[in-house]
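Novice: Once you've had a glance at the structure underneath, I'll fire off some questions.
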Amino acid sequence: MNSLVATSRNFRHAARLLGLDSKLEKSLLIPFREVKVECTIPKDDGTLASYVGFRVQHDNARGPMKGGIRYHPEVDPDEVNALAQLMTWKTAVADIPYGGAKGGIGCAPGELSISELERLTRVFTQKIHDLIGSHIDVPAPDMGTNSQTMAWILDEYSKFHGYSPAVVTGKPIVLGGSLGREAATGRGVVYATEALLAEFGKSVSGLTFVIQGFGNVGSWAAQLIHEKGGKVIALGDVSGAIKNPNGIDIPALIKHRAAGGVLKDFEGVDVMDPKELLLHECDVLIPCALGGVLNRENAADVRAKYIIEAANHPSDPEADEILSKKGVVILPDIYANAGGVIVSYFEWVQNIQGFMWDEDKVNMELQKYMTKAFDNIKAMCKTHECSLRMGAFTLGVNRVARATLLRGWEA
Ligand SMILES: NC(=O)C1=CN([C@@H]2O[C@H](COP(=O)(O)OP(=O)(O)OC[C@H]3O[C@@H](n4cnc5c(N)ncnc54)[C@H](O)[C@@H]3O)[C@@H](O)[C@H]2O)C=CC1
Ligand SMILES: O=C(O)CCC(=O)C(=O)O
């Protein structure tokens, strides 16, 4: 299912549960601004290459728009639009003073040299610099981008507007990044998992986990689960998938990867068919890569008891229905992966204050925000007798709707 159709379907369902006026419903769905830019750069071999970049600013009723920038070959306008909309509901669920936005460039970052990536990022920034800003729209890393990408955006933006650390988050620490941001999304995923499991009298320790994606989010989630006594029995990335029924040695795998090794060459594991990964029997499945991976084709064959959506929109509404009928409990993306944007908010606050927090404070505040959001979602589930996804959507949409009406923006 198209990602925008899927996300909008969830929104409409929440709007119905909340009894929103149809004009307000329509205006909340329409993005504030959608920008498409051509980014032409000289390649290292002297030829020219052109890439299409997008920034979709969905909503700013609750504050400056906020959301990551993705570099991936499958980036397209509908996908960026859906991701921007999800950011609006996510920042509202987390109760941080932002709206939602998302950006992306259709490129394969692994096939570009560092200097080509730098040129591409600088050209993209030149094309959007007058649309972003610390109180307008604040980008951050997403798939295929990282703190170095944010450093280039900060530098290029500052050429036009003066030194402006709060224009992006997820920066290197020496440029005003926050301690704890690198791990924040994975750490938030683990706090969210613990909150959910506690409802069923369970904890991470002793449970089995399967993780799809071993980048920023997946590797931090795996590491923290391992530290808490959870067993990661299978995981995969774009290169393939591996399994070990006794648990994969995550710290050793992280070292193997840092030394340039690929998953399939890691010792003490069996290579598995990546298509089987999401269907592998386990207690908890955590998709940490692309959207739409759980759909009507494979949902009936999923053998996990809990799904924690660390990726954005990994399950479409058809999968949701099939999985719910099977009794699988799904913790939705707009809550489960909010740890990243919550610590981005702390980074922005530190930049504005010109003051640096220590890592313990960052992690403690992150846990507070995640716990409060979970309690708020549960309350919405009770009020509307609905799933956790609809609990999160009604929570987020209601906060944005109230802000919209209070600002007098009713259509
Ligand atoms: N980085 C962040 O702070 C946040 C990220 N997210 C979401 O988490 C997900 C992962 O993001 P990051 O870890 O930052 O990206 P990343 O670029 O660091 O890692 C992506 C991982 O996905 C794997 N992957 C890519 N295509 C795949 C495929 N076809 N099959 C299996 N694995 C594949 C890659 O090999 C890599 O391990 C995305 O959906 C992103 O939107 C959500 C909230 C915040
Ligand atoms: O940290 C941020 O501002 C946004 C992270 C992001 O893109 C996401 O939560 O999907």
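Residue 1 is the first one shown; counting continues down the chain.
A Cβ is built for glycine as well, from the same backbone N, Cα and C atoms used for every other residue.
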Novice: Given that TrEMBL annotates Lys90, Ser344 as binding substrate, state which candidate in Lys66, Lys325, Lys368 belongs to that site as well.
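Specialist: Record check against TrEMBL: substrate site with Lys90, Ser344, extra candidate from Lys66, Lys325, Lys368 is Lys66.
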Novice: Around Lys66 (substrate binding site), which of the listed recorded positions (Asp142, Thr185, Asn216) come within 10 Å, judging by Cα atoms?
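Specialist: None, since no candidate lies within 10 Å.
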Novice: Quick one: which of the recorded positions (Lys66, Asp142, Thr185, Asn216) have their CB closer than 6 Å to ligand 2?
Specialist: Lys66, Asp142
Novice: Of the recorded positions Lys90, Asp142, Ser344, which sits closest to Asn216 (NAD(+) binding site) by Cα distance?
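Specialist: Ranked by Cα distance from Asn216 (NAD(+) binding site), first place goes to Asp142.
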Novice: Beyond the listed site residues Lys66, Lys90, Ser344, identify every same-chain residue whose Cβ lies within 8 Å of the center of their Cβ atoms for the substrate site.
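Specialist: Leaving out the recorded residues gives Gly67, Gly68, Met87, Thr91, Ala94, Ile96, Tyr98, Gly100, Ala140, Ala338, Gly340, Val341, Ile342, Tyr345.
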Novice: Let me check the 10 A CB neighbour count of Lys102 (active site, proton donor). How many other CB atoms are there?
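Specialist: The Cβ of Lys102 (active site, proton donor) has 30 Cβ neighbours within 10 Å.
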